[in-house]
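Peer 1: Please see the structure below; I have some questions.
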Amino acid sequence: MESRDPAQPMSPGEATQSGARPADRYGLLKHSREFLDFFWDIAKPEQETRLAATEKLLEYLRGRPKGSEMKYALKRLITGLGVGRETARPCYSLALAQLLQSFEDLPLCSILQQIQEKYDLHQVKKAMLRPALFANLFGVLALFQSGRLVKDQEALMKSVKLLQALAQYQNHLQEQPRKALVDILSEVSKATLQEILPEVLKADLNIILSSPEQLELFLLAQQKVPSKLKKLVGSVNLFSDENVPRLVNVLKMAASSVKKDRKLPAIALDLLRLALKEDKFPRFWKEVVEQGLLKMQFWPASYLCFRLLGAALPLLTKEQLHLVMQGDVIRHYGEHVCTAKLPKQFKFAPEMDDYVGTFLEGCQDDPERQLAVLVAFSSVTNQGLPVTPTFWRVVRFLSPPALQGYVAWLRAMFLQPDLDSLVDFSTNNQKKAQDSSLHMPERAVFRLRKWIIFRLVSIVDSLHLEMEEALTEQVARFCLFHSFFVTKKPTSQIPETKHPFSFPLENQAREAVSSAFFSLLQTLSTQFKQAPGQTQGGQPWTYHLVQFADLLLNHSHNVTTVTPFTAQQRQAWDRMLQTLKELEAHSAEARAAAFQHLLLLVGIHLLKSPAESCDLLGDIQTCIRKSLGEKPRRSRTKTIDPQEPPWVEVLVEILLALLAQPSHLMRQVARSVFGHICSHLTPRALQLILDVLNPETSEDENDRVVVTDDSDERRLKGAEDKSEEGEDNRSSESEEESEGEESEEEERDGDVDQGFREQLMTVLQAGKALGGEDSENEEELGDEAMMALDQSLASLFAEQKLRIQARRDEKNKLQKEKALRRDFQIRVLDLVEVLVTKQPENALVLELLEPLLSIIRRSLRSSSSKQEQDLLHKTARIFTHHLCRARRYCHDLGERAGALHAQVERLVQQAGRQPDSPTALYHFNASLYLLRVLKGNTAEGCVHETQEKQKAGTDPSHMPTGPQAASCLDLNLVTRVYSTALSSFLTKRNSPLTVPMFLSLFSRHPVLCQSLLPILVQHITGPVRPRHQACLLLQKTLSMREVRSCFEDPEWKQLMGQVLAKVTENLRVLGEAQTKAQHQQALSSLELLNVLFRTCKHEKLTLDLTVLLGVLQGQQQSLQQGAHSTGSSRLHDLYWQAMKTLGVQRPKLEKKDAKEIPSATQSPISKKRKKKGFLPETKKRKKRKSEDGTPAEDGTPAATGGSQPPSMGRKKRNRTKAKVPAQANGTPTTKSPAPGAPTRSPSTPAKSPKLQKKNQKPSQVNGAPGSPTEPAGQKQHQKALPKKGVLGKSPLSALARKKARLSLVIRSPSLLQSGAKKKAQVRKAGKP
């Protein structure tokens, strides 16, 4: 809304109402409202809102610097400093600071005086003392944040005095006034500080060392005005023996004050700088930090020590760094990292990482200090295991010399661990452990070596793009050598042999090195491109490593393998190298690069497991030779040669065997290699993959591929990042596990099988424990018999316990095998994804539909575990996104057309038999995909089948014509299949099929609508559920462009007429709904009718709507009687939407005054009913209305008692008000004919509105004589009426159409015009 210009004159009405108010009063109020809103937004918690409101306030005040708004703004902001909401006070303080900064002409002393007068500490009540204290504090802070306080000497002195006064209220403000005072004095000039210093700093050293703020003020003065401080206090040595305990107490207080803020107190860093300046850092660190704060066993003090350590790194020299990183602080930090493992515990490690990263990034030109800090943190170990993770992000800040030195240190520590140089510790739980093996040096060496090898791999993993190639090669050769080789005799040709082990490398450590090496291969071999998979020479990293391994194998006198090669295995290695040379001739082909990658990887695996990889390597070489030496493949239009070489099948088996191994690298290699050979895939090779995915085959039969359990390797790989918390809690966890097993065993023992029960009864009967009726007279069992019975029972229960354990082990074994099988199937799905992505036009893709559906169907029924969920999600993603929604598909079916038609029928039937809709949706989408394939293939391959059908007696008249005749799609068969499915969906109550399925069918294959839409039309007048579903489907289908394009104009018009006739038949019972189902039935019919109107209007179809209009008007009275039923508003809106399309406007409901309603004598019924909210008769004034029915004073005529019905309530009168106007005119209420239609006998045929206009005038419709001069609105109405029910846009203008609708309402009988007539008659009767 825009404000009125003050120069504009006011209207007479406004002048009368406003009196003597100024012309711009409204604009001033508008600005004031906007102005006041700023202060509300300033106090909101959102920072963006506060800043925006402050900026708008300043901009607003800049236009009125001398106005009253400035005074109000200052008053409002000062008031806000002491509001009850504590979160709003800093907001007002910041806004006041920015205001004072923007308007420098505002005197600070005046503002400070207003604050002190507003919040006078001497006169304020006790309940308001705390807000007043904070108001004064935030007021001073606002003056300081404006930047003007240090320049105004008078205001500065007053502020200092006020802060000193506020410092006495420590219970409320704590140390905030003193902190503010230190912050202010740190900004003032030296001359000002010399002048103020005697007033703020006492000469007593005890007071100076009593609080952090006093000490910080002392350090500030010592830094800026040392001469003045010396005159005031004298010479002071803070690090003397007497003052060290006081410094410790001050630092402890500072640590407690920032416990919630989690930051380093400024006083601690100032003391550190002072100690460095006075060359007293060793004394400060040893006595104050390590011997003082650290010994308190107070975690805030410990965190202060950690933060001080991190902040001190950039300030220390190399010698000082060595002092700090070998002390108790870093050891205590390591203990904290090891013990802080619970989710809710505070972890300082991320904060320390930030300190170290900042230090490394800031000293790029000093690699020695970088190396010293990184080595120091890597030397903090828990029984040999460093506390820093193997993957440490701060390594990326190392300069190249520091990185090279760090890698050299790691390699040296791996070969010759120096345990004495480590800052090693043990946790409390480890110290309590009685196991002596936990404290053996061999165990510490193993833990250290395992961490080092994974740290080397992580460095290459994170920095292999930035690292020098020589350094990467050093790490890779180091890992390869110590994974598979052992030094016999050092040689200069192999640098790795020059450094012997100080501790022998154990087999467990060598397995960790091997695992880390293959992880390194995954990093270096993820791609076939120049970076990162290849070196600068263009060869892959794996090729260089194979060449290095061949060099080691050739130096058998100096180096030997961990697992010695046999003659056959060495021949396989040599043949592999020969095959690599042959592949170099085909290096231009991408397939050759994939084969080379596979061959190199399996060749390296020959070093790890020679017996398993030897045969595999030979098969790969055979497949490579056949693949590269075969002739070009023939086109897909020809039949596949059954004598095709089986190299593809062999290679697929090899890839499946590689996928069975627990290696992500193998998974990537298998995926890449299969992408290059999938174009040569044969049905038998595909069947090998499907056998793995088929649940019936893979679960019931013995798998051809042995799946390897990867839990051990995963545990081995993830162990290096974990601390010793498992060992700390080992005893407690074992006790809990044993208790859990015992409880579980007891529960299982409760359900004893029948065989064990019979055996128990036999033993008891044999011991005469269960006798007959005369058992009481028998003697008790003797000791020998009792012992024999006990022994028998013990042996029986022991056997039962073994059986239970065996069943439990068998169940665990089956679950583990099932988990491994599911994991293997998830990996094999990689090959399926590659096939459907890279070869979607391959005919073999069609063979994947039912196996994938089988997996989805099984997983949806039993998707309890995470692996089942992963398998389901991956299968569904491949099926939906890569297969059914693929842009390309098979265009060469050959003789598969008949089988695909049968498969379509089978899939649709399976969809109708599924227990739920999600499963049915996948089957239905599969059938749509096959329809797309059949529709997109030419009929050349289907000629033979078509001829056979014609010979069998198929009517050629029903065969498709046009474009459909050129495809393989058998339209009659497909139509029959989907017609059956549609009928089942409409008639079956719990059908898994849904409306979106058939909408997808109609949109993708609209040619089927010619046969399926009549089924929907047939069910429009059926039972409740089929009618609702049919109407819903027709609503969506009739508006589809694809469906309309499949019908000729006469056919489409005929279909619209059929739908209109069915809907008209449904609407004959409109308004008679008694149940929810009947109400929904009426809603669906009206919705379909409106969709039909929109479709006809859009396409300009001509339909006869006379019968429909009569039906709708005939049901208007019954519809109004249920006007207030539940859910009827939607029904009325749809009804009048349809009537509006037919030219009938919805009557407006007007509220009438009580004076215009004729009064009537109240009936006894109305007198008995007491209305809620009305006065009783005894309380009403007597001079209200005469009891004998005489007219009232306002001249309104009273109706006779016989002409008025009994008085009813307001709601009843509103529901029946449509009947009253007709009675007021003196005519009986009858069913009104259509608007503009003459009253005729039932035998008279219905005429279109156009003929009615010619034969009869509009004025004669109501039986009244026509007027001499016809109004213009009626002429326009004749043009606006539908021409034989044509639903479309009229050529008239909008105004003409509006007048036409009004004239139609005027000429409509009874109900539509009764309200206007009655109102006119009442007004005429009231005139004298």
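Every residue, even glycine, has its Cβ placed from backbone N, Cα and C.
Keep in mind that this is a model prediction, so the values were computed, not measured.
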Peer 1: Going by Swiss-Prot alone, which of S732, S775, S1125, S1243 is annotated as phosphoserine?
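Peer 2: Swiss-Prot annotates phosphoserine at S775; the rest carry no such entry.
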Peer 1: With Swiss-Prot open, pick whichever of S257, S525, S1310 is annotated phosphoserine.
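Peer 2: Record says S1310.
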Peer 1: Of S991, S1232, which one does Swiss-Prot label phosphoserine?
Peer 2: S1232
Peer 1: Scan S18, S502, S1314 for the residue that Swiss-Prot records as phosphoserine.
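Peer 2: My reading of Swiss-Prot gives S1314.
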Peer 1: Out of S613, S679, S1293, S1303, which one does Swiss-Prot list as phosphoserine?
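Peer 2: Candidates were S613, S679, S1293, S1303; Swiss-Prot attaches phosphoserine to S1303.
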Peer 1: Look up T1126, T1229, T1239 in Swiss-Prot and give me whichever carries the note phosphothreonine.
Peer 2: T1239
Peer 1: Do you know which of 616-638, 800-822, 846-868, 1306-1328 Swiss-Prot annotates as region 'Disordered'?
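Peer 2: Here Swiss-Prot associates region 'Disordered' with the stretch 1306-1328.
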Peer 1: Checking distant contacts: for the motif 'Nuclear export signal 1' (240-258), what same-chain residues at least six beyond its ends satisfy Cβ-Cβ under 8 A?
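Peer 2: That would be 174-175, 205, 209-212, 215, 264-265, 267-268, 271, 287-288, 292-293, 296, 298, 300-301, 303-304.
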Peer 1: To the nearest Å, how far is the Cα of K158 (N6-acetyllysine) from the Cα of K71 (N6-acetyllysine)?
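Peer 2: Between the alpha carbons of K158 (N6-acetyllysine) and K71 (N6-acetyllysine) there are 22 Å.
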Peer 1: Given the modified residues K71, K158, and counting only Cβ atoms in the protein chains shown, which has the most within 10 Å of its Cβ?
Peer 2: K158
Peer 1: For the motif 'Nuclear export signal 1' (240-258), what are the DSSP-based totals of helix, strand and coil residues?
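Peer 2: The counts are 14 helix, 0 strand, 5 coil.
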Peer 1: Looking at the region 'Interaction with MYB' (1-582) alone, can you tell me the average pLDDT?
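Peer 2: Value for the region 'Interaction with MYB' (1-582), mean pLDDT as a whole number: 84.
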